[in-house]
Amino acid sequence: MKFLKNIKSLEFRLAESMLKSINDLKEKYLAFSDEELKNMTNVFKEKLKKNVSLESIRIDAFAVAREATFRVLKKRPYDVQMIGGLILDFGSVAEMKTGEGKTITSIAPVYLNALKGSGVIVSTVNEYLAERDAAEMGEVFKWLGLSVGLNKANMPSNLKRAAYKCDITYSVHSELGFDYLRDNMVNSFEEKVQRDLNFALIDEVDSILIDEAKTPLIISGGKSDEVSLYAVTDQFVRTLDHVDYAIDEETKAINLTAQGIEKTKKFFNFNSLYNLENSELIHRLQNALRAHKVMKKDVEYVVLNGKIELVDTFTGRIMEGRSYSEGLQQAIQAKELVEIDPETKTLATITYQNFFRLFKKLSGMTGTGKTEEQEFIDIYNMRVTEIPTNVPIARIDHPEKVYVTFQAKYKAVVEEIKRLHAKKQPILVGTSQVEESEYLHQLLLKENLPHTVLNAKQNKNEADIIAKAGIAGAITIATNMAGRGTDIKPDAESLKQGGLFVLGTDKSEARRIDNQLKGRSGRQGDVGESRFFISIDDQLIRRFSLQDKWKEIFAEYKDNEIIDKQIKKAFDKAQRKIEGFNYDNRKNVLNYDDVIRQQRDIIYSQRDSILLQDDLSLVVEKMIQRNSKQIIKYGELYTRTGALDHKALVNFVNKEYMNICDFKFTLEDFNNYINEEIPQHLSNILIREYRKMREFLVEKSGKLPTNLFERRAIISALDEKWQNHINLMDKLRQSVNLVQYSQKNPFQTYTEIGTKHFEQLVEDIATNSLKIIMNNPSAKFQNLDGDFKNEQIKLEDGSIITIPANIPFDIKEQIISKAKELLKESGEKRKVFEKNILSDLNLVDEKFRDSSKW
């Protein structure tokens, strides 16, 4: 274990000592028969039932998992892989170089944590990896007696629920978040697919928790805005000159100059541009400015088949099904003269940062995470531990070559490719942008050099293309980390020529991304090489307005390489500065999102409480008490002199709450009360009438249908108001920076206004819930003579479904809709449905508990 001598990490030293204990058990479990080894899972579970901690069985569980991996996959995890697994079980990030077998490393910690029966989720960056790992690693877990599930997009709810109920669930990261949001939009608790978020192990953790940290997961609904405003602001922005706006190259922020503001005021006929009344227009204008002057085609997005497709700037892949939110997507559509989609309304949203922080325990694997350790600690409370390679790295990382111009750089790149190709050494060229990969593609065509291009426009058979990049003579151009997760294995001939040569055409915004590109070469001790070619024209230098200065200093070099340590230090300094800025930006996003997170936690908790309660009468009565205090605050109930208008109060309460009740408020009900006493008096009467109505409904329909109606009334009001609140907070977030002009703190203002909005949200939920409950259509029978009558519904095929009158009014349409769906089903299934509908009330009620069983 000489390679461990220099490791100083406390976690690593702890893992090293545990590794010795694990190795000491090798002979013990090697002597076990297959059945004896499999039975250890039951032994561990029995110990856990007796409140033995996971930590106390960790050593044995890891040793068992190691032996099982060998027997099933014929691969015995290396010592460094076991150490990596221990780091993961500590709830930290294990940094393992590319090709070191992170997937095998995950087996032991996943096995150990799955023994509790609370569920373990393994999150991957795409569905291909989720399917692959669930199949391959799943063999080991199933052999050991654990169940393995695969969660995919567009799966039916029942299959998703089954996948999450497994001991171990593999899933792409985005679907985990969307399932969480959808679970908090269901109408019954039984419809949820996820269980408690216990332990998540994230593969490529830096990609998900760092690169995609700012990207919110959004479930959208109905249209919220007209498209005309996008067209108008787009037309206006096209008239602007470069003196009308200013771009901060460092932060990519864009704002109108004083001249631009005057031009805007004149165009839109405003006296004052920056006030909250004009915030909607300013928001659209900012999006149009950003779309035209900051967002670059073939960099952040591409246009394919008349559609705007987003490009992951870190991988170069198209992000399927993703779009910019808050109107930026529509602004880009207007810019590119494609059809403008109506902006959708946000129904639910959460960032990856806040979703994964919901897990009780979190860990992750990556090839490059140490440079972002402070962010992992600050936001996720996860340390990053570097795991040594099993075999020393043999790759040679050559110093970068720097050129004055973009053209000179690519001229040198082509010459280098020609030199390497002449001796059949395989080359992987990494570019940061689609347009650069296309540019190099044209240059290589002119030189008659056979090559393959992999970018957002050319991404078919990605894994296959990347896998073949190690064949002797292969030239592969890929945007950044396309093909991440797929091994590049050089053949024997290419290894003789020096192995895979990774050629980077510019430095990225993070050293981590550059290290990922280098890591494609030299896996498991293979030989390999890497070198970066960079120029003063590169975005890294342009962002800090250093381009002209450096070009003037080094003009004498023309097309030749710049030999100067100062310029290389400038690139390193710029890269570190951008890393810091991006971290601050992600932390700022988290601060704002934490305001919504706290509110979301309250709403979702209340929502679950409503779904789980069998009797909501106390909840309704508390709403009545709360609402009664709010009613007399309504301004329209007061005269010009400020006195409470009792007549207006009577009319308002009767109209909103007493439509179907025998009782009606009169002036006499309030004349003998002072204003301070009215809320309590009003509350007492409303509760009395509510109890009478509920008693009637329970007697006629049963407790379950009555509670079901009340539950749906409250959930409906809660969902509607919460969705409105989310969109209101979105708009506030976009416009709040305007308060800087009045010397106010935007975040403080956002928090204060957001809190007031949330307090109003709570009141509005109670108000709307009561309006529905107190006007329950089923209660209209209270004022009629005679018995309930069953209703017969004739379906399209002529058959008749009989619906008992004691079925709550609000779900009758859902029953009919489901019946129509069943027209396509077998006759036997329809008979079961009709039998249940016509059976005694208890059976009907049971069916209503879970509409997915209808």
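Placement of Cβ uses the backbone N, Cα and C atoms for every residue, glycine included.
Around T103 (ATP binding site), the C-beta neighbours below 8 angstroms that are at least 6 residues distant in the chain are D133, E136, M137, D203. The annotation ATP binding site is assigned in Swiss-Prot to Q81, G99, E100, G101, K102, T103, D487.
For the binding site of ATP, formed by Q81, G99, E100, G101, K102, T103, D487 according to the record, the largest Cα to Cα distance is 17 Å, rounded to a whole number. Within 10 Å of its Cβ, the residue among the binding-site residues E100, D487 with the fewest other Cβ atoms is D487.
The Cβ of G99 (ATP binding site) has 22 neighbouring Cβ atoms from other residues within 10 Å, across all protein chains displayed. Within 10 Å of the C-beta of K102 (ATP binding site) there are 24 other C-beta atoms, taking all protein chains into account. Within 8 A of the CB centroid of the ATP site residues Q81, G99, E100, G101, K102, T103, D487, the other residues of that chain are M96, T98, I104, T105. Around G101 (ATP binding site), a 10 Å sphere centred on its CB holds 17 further CB atoms from the protein chains shown.
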